[in-house]
Amino acid sequence: MTFPDGGLRAWMVALGVGCGIGSTFGFVNAWGVFQAYYEETMLPDVPPSTLAWIGSVQYALVFIPGLVFGRLFDMGWFKLPLFIASSVLVTATFLVAQCTEFWQLILCQGLAVGFACGAIFGPMMGILPHWFQKKLGLAYGLTATGSSIGGTLFPIAVKNLIQEVGFPWTMRIIGFILVFTLGICNLTTDRRLPPKPRQGPFINLRAFKSPAYTFYSLSAFMNFLGLYTVLTYIDVSASSAGISQNLSFYLLPIANTGSLFGRIAAGLMADRFGPMNTIIPANIIAGVLTYAWPYSNSLGGYIAVAIVYGMSSGVYASLVAQPIVPMGERWDVGTRVGMAFTLLALGALAGPPISGSTVEAGVVLLLISRYLVLKGKLWGKC
């Protein structure tokens with residue numbers, strides 16, 4: 001089996017994947033600015049931990065639908081589900097403009113936006129292995145920058161637009177931006193390998209007979225318990241520490257900008273050293289910063305945490321699907337990614353509200369998975 005590993009068509013697919021990731025994961029990564037706005041202006045009487053459930057539901061649903069849509073992708077169903085999910089995401093974003101109560105936001109911004117994002121994002125992770133093999137890490141790293149770009153630009157746009165045109169029109173403008181970016185995604189992305197229709201449930205439990213895949217999926221769950229705690233609360237925490245809101249607001253875009261560089265570097269390093277060899281050191285750094293972050297009491301300290309945490313978490317977020325690819329057949333990658341994403345979604349759902357510091361446990365499971373992939377060797381590319 002041969003792969004293009006480049007050329008105009010393959011890189012156009014990568015462009016579309018980047019736009020799809022930016023419109024979904026990038027949009028969801030902007031949650032911190034919404035948390036701050038709802039907490040300080042729109043819904044000040046609602047506890048922050050309650051408001052955090054909106055973002056947690058979003059984070060979780062970015063991954064959970066991959067269980068279904070990943071299987072549909074393997075069976076050849078891609079273009080129609082992508083168009084329907086894109087339409088739902090745009091419609092839900094327009095509906096958020098009309099929300100004034102918590103229950104309305106949890107339905108529109110939490111459930112509807114989150115589910116639509118997941119229905120798009122899951123298959124995006126399965127497309128690249130159809131077009132890339134030797135340069136797969138680079139392709140994942142470059143397309144994952146869409147998340148960083150979206151996570152940087154969306155918060156700045158929301159913050160400034162709210163001041164200029166108010167919250168309702170801010171969300172409508174965001175909706176029109178999504179029409180453009182998702183249009184590119186729909187026009188340029190497509191499958192290449194033949195589909196493999198098969199009987200049976202959407203969950204392929206046989207994949208868990210691989211100890212490496214099992215431990216890797218568990219590590220993803222543990223990592224995502226703690227991965228988004230810093231990104232969810234860093235701007236609110238800075239405001240509570242006495243830093244002005246005009247300055248603390250930019251901590252999330254700064255973190256996402258750091259993530260941009262982390263994702264690009266991750267793609268280059270993964271092709272040379274292997275994705276898990278790249279992920280593990282980055283996760284150790286993210287875990288240390290999760291403990292160190294509460295002790296920051298100055299703007300400089302918060303900026304340093306935002307930059308380094310953004311870079312380290314960006315490495316993991318960009319490569320999380322790649323180690324799964326060689327743990328089975330290429331035609332089955334959508335299903336296996338979907339199952340692993342469902343497990344990590346549970347971590348993303350519970351993590352921010354309980355503010356868990358569990359990245360280190362995820363690193364231990366990652367090391368076990370790496371050991372199993374290398375069949376007991378201490379060093380190797382994996």
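Cβ from N, Cα, C; glycine included.
Keep in mind that TrEMBL annotations are predicted by a computer and have not been checked by a curator.
Taken from TrEMBL as is:
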type	residues	note
DOMAIN	212-382	domain 'Major facilitator superfamily (MFS) profile'
TRANSMEM	12-38	transmembrane segment
TRANSMEM	50-70	transmembrane segment
TRANSMEM	77-96	transmembrane segment
TRANSMEM	102-124	transmembrane segment
TRANSMEM	136-157	transmembrane segment
TRANSMEM	169-189	transmembrane segment
TRANSMEM	210-234	transmembrane segment
TRANSMEM	246-266	transmembrane segment
TRANSMEM	273-293	transmembrane segment
TRANSMEM	299-321	transmembrane segment
TRANSMEM	333-351	transmembrane segment
Range from 12-38, 169-189, 210-234, 299-321 with most C-beta pairs under 8 A to the transmembrane segment (102-124) = 12-38
Remark   = Taking the transmembrane segment (246-266) as reference, the highest number of CB pairs under 8 angstroms among 12-38, 136-157, 169-189, 273-293, 299-321 goes to 299-321
Request  = Determine which residues of the chain contact the transmembrane segment (50-70) at the Cβ level, with the cut-off under 8 Å and only residues 6 or more beyond its ends counted.
outcome  = 24-25, 28, 31-32, 34-35, 38-39, 43, 81, 85, 102, 105-106, 109-111, 113-115, 117-119, 121-123, 125-126, 202-203, 224, 228, 232, 334-339, 341-342, 344-346, 348-353
Task = Sort out the residues at least 6 away from either end of the transmembrane segment (77-96), same chain, that have Cβ-Cβ distances under 8 Å to it, and list them.
result = 23-24, 69, 105, 108-109, 112-113, 115-117, 119-120, 123, 171-172, 174-175, 178-179, 182, 185-186, 189-191
Query = Mind checking which residues reach the transmembrane segment (333-351)? Cβ under 8 Å, same chain, six or more beyond either end.
reply = 56-57, 59-64, 66-74, 122-123, 125-126, 129, 202-204, 207, 213, 216-218, 220-229, 320-321, 324-325, 327, 358
Query = the transmembrane segment (12-38): which same-chain residues, six or more beyond its ends, come within Cβ distance under 8 Å?
reply = 46, 48, 51-52, 54-55, 58-59, 62, 89, 105, 109, 113-114, 116-118, 120-121, 124, 127-128, 131-132, 139, 142-151, 153-155, 158-159, 162, 167, 174, 178, 181-182, 184-190, 231-236, 239, 245, 249, 252, 256, 317
